[in-house]
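Please read through the structure below; I'll follow up with questions.
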């Protein structure tokens, strides 16, 4: 059991598993798009369902309650599609960044303390990734299983086939089944209903895998950069650095500053690689969070509370990953700047070594910010998202009250 748990918490296990289910590969020596057919089938199935959701919103545009339900699914599908399109376009760049972050910790000879830091951060990242995968899987499973179970139970009790959606009963004149959507076929036919449920399998798998894979990969980069910063702090605190003098100190400082410059380059590559994905996440999360809140405050019948509970956890976790992940990188950069200033005996160094320290000290004290074009990721952005989502929710609730 312990070996199985160790394997499940291995480096990038969750990310490799979820990307693999979509036909993608994170190995540097292989093609990123390993199985184009699998990827294309999931993209097309999700695009088809997105079109039906848009059709339903147009049909029910005067009913805010129904539109908010459909909007929740539509926004999440748009988010998943855009994330995966961006990832495929930037796949090689992100895969090479993974290798660059792992490289210092995969050397044949490495300090035990540095290796311990890497393992601790990596394990934390994989534990969080596994929990996030379970939440996404719970969302997908409850969304499909609960309506099918309700439909089966109604048929068993009454002998009538009445398809049930994730939110309400679908009557013969209502073509909404698994999603609140407008389908071009009659789902009140048991065979068509079964085929439509089969169509939902790749759609829900795509939602689960795309959301888990991209979001947890972002989190893995955050934990990896944290390990790099703490590795430099260990070097600063080491006895070798504290006891070095003269030429030996010059060499160690030169090596330290070179590693710090490489780390800042990794942070810049990380920001560039995820800038588009983070921008999509921020732009859509306000409306998505608003539609989730609307499910709790607006009246419904036959609400799928299992799905809604899991989905609320997923949306909240997305906010934490991108917001607090950026805060973590900023905090680690700030901590290294403090350590560099406090631990190095710069006031005891000769003038030429003090001049050597000026540029690294200035570079370390510059605040590390992760941006997404118009937005700076961090706690202030989280506050803005909550305020915007609350404003949208109030607006929708007021419009519903007037109707």
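Note that Cβ sites are derived from N, Cα and C of the backbone, with glycine treated the same way.
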Given the ranges 15-36, 37-58, which one is assigned the annotation transmembrane segment in TrEMBL?
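Checked against TrEMBL: transmembrane segment maps to 37-58.
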Under TrEMBL, the annotation transmembrane segment belongs to which of these stretches: 131-156, 157-182, 235-260?
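Matching range for transmembrane segment: 131-156.
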Match it up for me: which of 101-122, 277-298, 343-364 does TrEMBL list as transmembrane segment?
277-298
Other than its close neighbours in sequence, what residues sit by the transmembrane segment (131-156), given a CB gap under 8 Å and a spacing of at least six beyond its ends?
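Residues 14, 18, 162-166, 177-178, 193, 197, 200-201, 204-205, 207-208, 211-212, 215-216, 219, 302, 304, 306-307, 310-311, 313-314, 317, 321 contact the transmembrane segment (131-156) from elsewhere in the chain.
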